[in-house]
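Reviewing the structure listed below.
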Amino acid sequence: MSGTGSETTGMGAAGATLAPGGRGGAWRERGRLVVMTLGPILGALVLSGLLLLVLGVDPLAYYGYVVERGLLSPYGVQATFTRMGPLLLIAAGLIVAFRAGIWNLGGDGQFLLSAVVVAALAPLLAPLMPVWLVLLAALLVGALVGAAWSLLPALLKAYQGVNEIITTLMMTFLGVSFANVLVKLFFRDPTTTVPQTRTLPVADRLPRLFDTTVSSGVLIGLVAIIAVHVVMTRTAFGLKLRIVGANPRAAVHAGLNVPLLTVLTFALSAGLAGLAGAVEILGVQGNVRADWNPAYSLTVIPLVFLARFNGFASIAFVFLFSVLSIGGESAARRTGVPNFFTLVVVAILLVMLGVTEYLDQRRRAAGR
Amino acid sequence: MTEPAPSPEAASGPPPSSGAIVTLDHVTKRFPGVVANDRVAFDLFPGEVHVLLGENGAGKSTLVGMLSGLQTPDEGGILIDGREASISSPARALELGIGTVFQHSMLVPSLSVVDNMALGGSWWSRPDRTGIAARMAAVAADIGVRIDPHARVGTLSLGEQQQVEIVRALMRGSRVLILDEATAMLTPKGAEDLGALMRRLTALGIAVVFITHKLNEALAFGHRITVLRLGRKVGEIAPERLEALGPAAATAEIIRLMFGTGDRKAAAEGGARAVRRRVSAPPLLEIEELAVDDMAVPVSGVTLSVAPGEIVGLAGIDGNGQKQFAEALAGQRRLAAGTIRLGGEAVERLDVGGRRARGLSYVTDDRLGEGTVGSFPVSLNLLLKQVGKDPFWRNGFERPEPIAAHAERLVGAYDVRTPGISTPIGKLSGGNIQKALLARELTGDTRAVIFAKPTYGLDVQNIRATRQRIREAADRGLAVILISTDLEEVLELSDRIAVMSRGHVVGMVDNDDAARARVGELMSGVGA
C-alpha cells in the first residue's frame, strides 16, 4: 500500500514521458490530477448535502455556518489552527508507519497515555524549573510514553510476525482504560470533585503565537510532518523503511535488518502520537478529565489515506478537517445536527475517493 | 521435433490414434516471450497411466492447464472421443469427464469430507449428507480406498486428502484424471500408495495423466511416458517399448530425452567449453561442511571451493536444497554449521551487507519476489543493496545526480531496455529485470558471485545474453557458483559440476565428455 502511495508520482511522470502528446499530455495529466483531487471533495459535499436535506436541514446554511465559524471568524480560525497541532503530529506518525507497511492503529492509546502522564508530570515540574525546560521535558516524556506503549506490538511484529493491526488496537483498549485508571486513582487532583489531573497554569503552557490564541503546537506539528515527509522521500533511512514496507523479502535480500527497522518504525510512529498527546495537554487542555478520549488517531487515519501518505497533502486535509470539525461543532449546535456529522462527511469523502480511483483506473484501462 | 509426427495436416480426417479418450493435436500455447507448448501431440488412452515428464519450465503445467480448461491452445485442436471439442473452462472440463487433482489441496480444511463434496451444490437446498456419504463409500470401495466421510479434512494426511480429491473427481463422472505433481508433497509411503491407487484406477478403465519430475516414479507407475523439454515433446515411450526396455534401459532412454543427447548444438558448445583455460589458482571461495536447518529440505555437509575465474555448476533437480544453500551462502539464512571463507577470511558470521562489502554477490532467481521492489524506479532498484552508501547518499540524504548517473551507466552497459530510469522496475519484462539484477550484482568490488537459476523463465535471446555475462564474470577473475536445474546450461558454462540431491552434494565431476551422462545419473538418483 505504501509502495503504491509513494510511487504514484513517479509512475505519473513515466507515463507523461511515454505519452506522445508532449506538452498537451502534461497538461492533460495535470488536469486529471485536479479532477482526481477536487472531484471527490465536491462529490462528498454534494452527497453530504443530500443527507442533510434528508435530515431536514438546509445544507447551504450548514456549510455556511461551518465556513463562517471554522474559517472566517477570528476566534474560529485560531481554534482551527490550534486543533491542527496534535492532528498533524498524529498524521506524521501514521505516515511513517504506513509508508513502512506497518499498520499502527493504536495511536489513540499512545496519545491518551502520553497525555495523562504529561498532565500529571508538568504541574509537578513547573515550580522546579524554567518553563521552557518543563515544556521540553514534558514533550520528551510524552514521546517516550507513546513509544513505550507500542513496544509490545513492535516486538511481536518484528520477531513473531504477529499482525500489528490486532495488537495495536488491543493495546489501545488497554491504554485508554489504563489512562482512566491513572487519572482516577493516582494522578487525581484532590481539590476537584470531578476526577481529573491537576491543571497546568496557562502561563506554563506552550506559548501562543503572536497576539492570537493559536498554540505553537501547530508549529511543532508542521515541522514534524514536513520533516517526516522529507525523511521518508529523500533519505536513506526513509528509503529503507519504504523497502521494508513495499517488499519485506527484498529488504531481507538487500541485507536490511528488518526486525530492527520494524521496531524503529513503531517507536517513531507511536512517539509522534505520544508527542501529539503532550502537545494537546501543554497547548490546549491543561489537564485530563477522566473518560476523556478525543480518538484523534482513528479520525486522522482516513485523512492520511486521502493524502496518499504525502506530508503536504496531509497538511491540506488536516486543515480541511479542522475547519470541518471546529465549524461543525458550531453548525451542529445551530442546526441541530449531531456533532458527529463531520465524521460522516469525512467518511463519504473517503468513499468518493475510492470511487474516483476506480473510475480513473477503468478509464486508463479503456484508453489503453 | 524428433517425434514421429503422425499424419501432420490431416486435422479434418479421423483422429490419428483411434481409441484415445483425449487427443491433443499439435497444440501450441504462447505466453509473452515464451512458447510454452510448441506443437505438442498427446494421446490419452483408457486404462493407462500416461506419465508426463520434464524439468521445470518444460511445459507440463501449460499442457495440464489446457487439459483442465484453465488455458486454451493458441493453435492446434483438442479431440475428445475423436470429436473436436473445446475445453473453455474448468467446469467444461468436468462436464467432459476430465478431473484434475492439483499439487496443492483444493479442499476446505475446516469442513468435513462430505461437506467438501457437497460444495458446488445448489445454495437453497440442504446438502444430502447421507446420500453423498453413501455414493462416496461406493466409489471409494471401487478403487479400494477408505475415507471417513465425517472426518474434518484438516485432520487428514496429505495423501488422504488426495484420495478425497480423487474420489470427488470420480463422483463427478471423470473418466480422465490428471494428477499434477501429485507426489511432490507426499512421503515415500504416500507416493507408493498413490501408485497402487493409480493401478486400481486404470483397472477400471480410467485414463490417468501423472505429472512428475521424478524418474523412478515415472517408471514404477507409468504405462506410457511422454517427455517434454523446453515446450517441445522430445519423445514418447509406448507401453510395449517400455516393457521391452526394462527399467535400466528405460532410465537411460529417459535421461537422454530429458537432458538432451549429444546433438550438434550441445556438442559444439560443449567443445567450446572444454577449451577454456584450466584454473590453477588457489581457491577464492571455500565452503566447508555447510549445513542449514530447513523444514522441507535440510542442507548438510556441503563442501565446495571455487577458484578465481572458475565456474562451479551446481546441478540438481529443483527443490533439493539449492535455494537454502544459496541463501545461507549469501547471508540471508542462518547457518546451522560450517564455515565460509572468502579470500581466506571467514565471512559466515557476517550479514548480507558485510559479505557483499567483501565482494560476495548473489543473483537471486526470484527476481520480483525478493530481487527487486516492483513499484520502485529502476534507478533505486539498482542501488537496493547500497542504500545509504557514498556517493549516492551523503549524510543520509539522497543525491539524485549520482543516483541517476549510476543508473544511466548500468542501464547502458547492461542493455536494460526501459522507458527511463524512473520507470517502476516491475513494469519491465523478465529479461530486462534480470539484466538490471546482473548489473547490480556484477558491478563494484564483486569477487565471488552466486547465480541462482539465472536464465529461468527467460527467452532465448536473454538466455544467451545472461550466459555470456556469466562467462565474462568468470573471465574477469570472479569465482562463480552457478546453480541451475538446466543441465544443458551447467554443461555449457561450468568448469566443474557438483550435483545436489536431497540437501547433499552427491558428487562432483569435471566437465569433460563423460560429464553429461554422469551428472544425469547423479541428478536422477540412479548413480548415487
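The backbone N, Cα and C atoms fix where each Cβ goes, glycine too.
Pulled from TrEMBL:
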type	residues	note
COMPBIAS	A:1-20	compositional bias 'Low complexity'
REGION	A:1-25	region 'Disordered'
TRANSMEM	A:33-55	transmembrane segment
TRANSMEM	A:75-98	transmembrane segment
TRANSMEM	A:132-156	transmembrane segment
TRANSMEM	A:168-187	transmembrane segment
TRANSMEM	A:214-237	transmembrane segment
TRANSMEM	A:258-279	transmembrane segment
TRANSMEM	A:299-324	transmembrane segment
TRANSMEM	A:336-355	transmembrane segment
Stretch among A:33-55, A:75-98, A:132-156, A:168-187 sharing the most Cβ pairs under 8 Å with the transmembrane segment (A:214-237): A:75-98
Contact yes or no, the transmembrane segment (A:299-324) and the transmembrane segment (A:132-156), 3+ Cβ pairs under 8 Å, gap 6+: no
Recorded stretches the transmembrane segment (A:132-156) and the transmembrane segment (A:258-279) touching, at least 3 CB pairs under 8 Å: yes
Intrachain residues whose Cβ lies under 8 Å of the transmembrane segment (A:258-279), provided they are six or more past its termini: 85-87, 89-90, 92-94, 96-97, 100, 102, 104, 106-107, 110-116, 118, 138-139, 141-151, 153-155, 157-159, 164, 206, 215, 217, 220-221, 224, 228, 240-241, 244, 248, 251-252, 296-297
Close approaches to the transmembrane segment (A:75-98) from elsewhere in its chain (Cβ under 8 angstroms; 6 or more beyond its ends): 1-2, 5, 68-69, 104, 107, 111, 212-222, 224-225, 227-229, 231-232, 241, 245, 265-266, 268-273, 275-277, 279-280, 283-284, 296-297, 300-301, 303-304, 307, 309, 311, 314-315, 318-319, 321-323, 325-327, 330
